[in-house]
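Listed features, source TrEMBL:
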| type | residues | note |
| --- | --- | --- |
| DOMAIN | 158-246 | domain 'Peptidase S74' |
Amino acid sequence: QNKENLQNLGIDNIAGLRDALNTKLDKARFDQLAIPDVAQLPAVLASKANDESVYKKTGGTLSGSVHFDIVQGAWSHGINWTGLTDIFSIHVRETAGGETCGLYFQAQDNTNDLFVFEHYNDTQPKQILVMDHNAATMDVNFTCNGAIYAKGDVTAFSDRRLKQHINPISSPLNKLHQLGGYHYQRSDTGDYQVGVIAQEVQQVLPDAVRTTEDGYLSVNSTGVVALLVEAVKVLSHKVSVLEEQLHGG
C-alpha cells in the first residue's frame, strides 16, 4: 500500500510498524497473523478488526462477538476494570429477540468454583442464579418473585453452638391465638395460597419477620414452627393435668 495509507494508520515510518501494531492488536495475536509482506497489512487488519482482541482501546464500541483469550497457565493475567463510577459497573444487556444474556465465571482448576447468572427470553425460564463452592461457606441473599422449588431439602444452620441467650417463647398459647391460618389469593399474581399474615406474626414474634428492600414483610417459617412447638407443649401439659384430675391420680 502507499505511504498515505500508512500515515492514516498513524505510522510515520516502517521502523515504527511493530510498535504501531502492538497498540492495535495483542502481541500474541499479531504473532499468529503470519503476514507475508507489508503490502497485505491493511487487508489483514481489516479482516481481524471485528473478531480479535483490542489492546488499550479507549472509548467507542465493539460490534459482534468479542473474545478475550487470557494466556492459559499464567494466573497473573486477567481482565481488570478500574475507575468505575457509573451506576452499572458491568452492564450486560440482551438484544431484543436474542436468546440469552448472562455472566458465567468458573475457576479453571476447580469447576465447582463458579457463579452463573443468566436471563432467558420470554419463552424460557428467566433469572437463573447459580453459586457453588465445594469447600468454603457462602453468604447469599436471594430475592425471588416466584416460587422456589428444590428436589432436595432446603436447610439452614440451627446448631446450638451458634446461639446464645437461649430462652423459651413466653405465653405461646396466647401468641398462637393472635395468629390465623388463611386461604387467600395473591393480589400481584392471582395465585391461591395457604399461609399466615406477616403483620400478625410481627405483633407476637417480631424477630421472625423481615422487611424487604421494597417495603414488603417476609416471614421466617422456622419462627412460627418454634411457636407451635411451645404451644403444643403447653397443651400437652394441660391434658396431663386434666387426665390426672379425671382419674383421681
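Keep in mind that glycine also has a Cβ here, set from the backbone N, Cα and C atoms.
What TrEMBL says about a protein is an automatic prediction, not a curated fact.
Regional average pLDDT for the domain 'Peptidase S74' (158-246) in the model is 94. With helix defined as DSSP H, G or I and strand as E or B, the domain 'Peptidase S74' (158-246) counts 45 helix, 14 strand, 30 coil.
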